[in-house]
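> Sharing a structure, written as structure tokens. Questions coming.
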Amino acid sequence: MYELKEKSYPMQPRERLELLGEEYLSDVELLAILLRTGRKKYSSLNLALELLQHFGTLDNFRKASISELKEISGIGQTKAIELRAMIELGKRIQTTTRKRYGQVLSSKEYGMSLAFEMQNFEQEHLTATYLDGQNQIIEKKTIFIGAFNHATASPREILYHAVKNLSVGLLVAHNHPSGNLQPSQADKIFTKKIKNACDNIGINFIDHIIVGAGNYYSFRERDSNLF
């Protein structure tokens, strides 16, 4: 069994979370925080590492029963129950989020929904919608408000949140306050940049939708060369 040394983690997980934010911690560090303690001569980091190595994947860990968790030395009845409670709470939070946001069934349905949602926006808004494998919406995020410069726009922030959310699919949308739905050349270039970036990291770029005057334009529906 590989053992983590203190020098591998110059700061303890709680300190790193407070300083950097939880998204910068490894799976081992996050689990170590939840475990709080290890066992004799064995830190919580080492116990967390052993747990994850034993089950192989986070999905297998998620499915582990109390008795299966207790097979690991240092995981007693109390810790096993606490871990199961943590896993169940995470599942319920995810389910609540999905119920709140709903599911994307088609570009038409979602385009018309966005057209209604953004119809009174006087400034241009760029939004990103992140989906799981069943097209359930994980998060809807406003990326930019104002005179959006497509020429200098980078997919980086959009994809940062996609990776953070473990997204399988991505929809991007922006409004034209003028009501003119026709995409500019800059819109087309931006769409291609996002599509290429998604392809490079294995995320399904579902569509780029333009909305205005109560209607929508779908690149997927209208521009087959891009999709």
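Each Cβ is built from the backbone N, Cα and C atoms, and glycine gets one as well.
According to Swiss-Prot, the feature Zn(2+) binding site maps to His174, His176, Asp187, an assignment based on sequence analysis. For 103-225, the entry in Swiss-Prot reads domain 'MPN', with the evidence type sequence analysis. What Swiss-Prot records for 174-187 is motif 'JAMM motif'.
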> Hey, which bits of the same chain come close to the motif 'JAMM motif' (174-187), Cβ under 8 Å, at least six residues off its ends?
114, 118, 121-127, 148, 150-151, 208, 210-213, 215-217, 219
> Which one of the binding-site residues (His174, His176) has its C-beta surrounded by the most other C-beta atoms within 10 angstroms?
His174
> Taking DSSP three-state, what's His174 (Zn(2+) binding site) in: helix, strand or coil?
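DSSP call for His174 (Zn(2+) binding site): strand.
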> Counting across all protein chains shown, how many other Cβ atoms sit within 10 Å of the Cβ of Asp187 (Zn(2+) binding site)?
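I count 18 other Cβ atoms within 10 Å of it.
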> DSSP says what for the domain 'MPN' (103-225): how many helix, strand, coil residues?
41 helix, 38 strand, 44 coil
> If you average the pLDDT over the motif 'JAMM motif' (174-187), what number do you get?
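PLDDT averaged over the stretch: 92.
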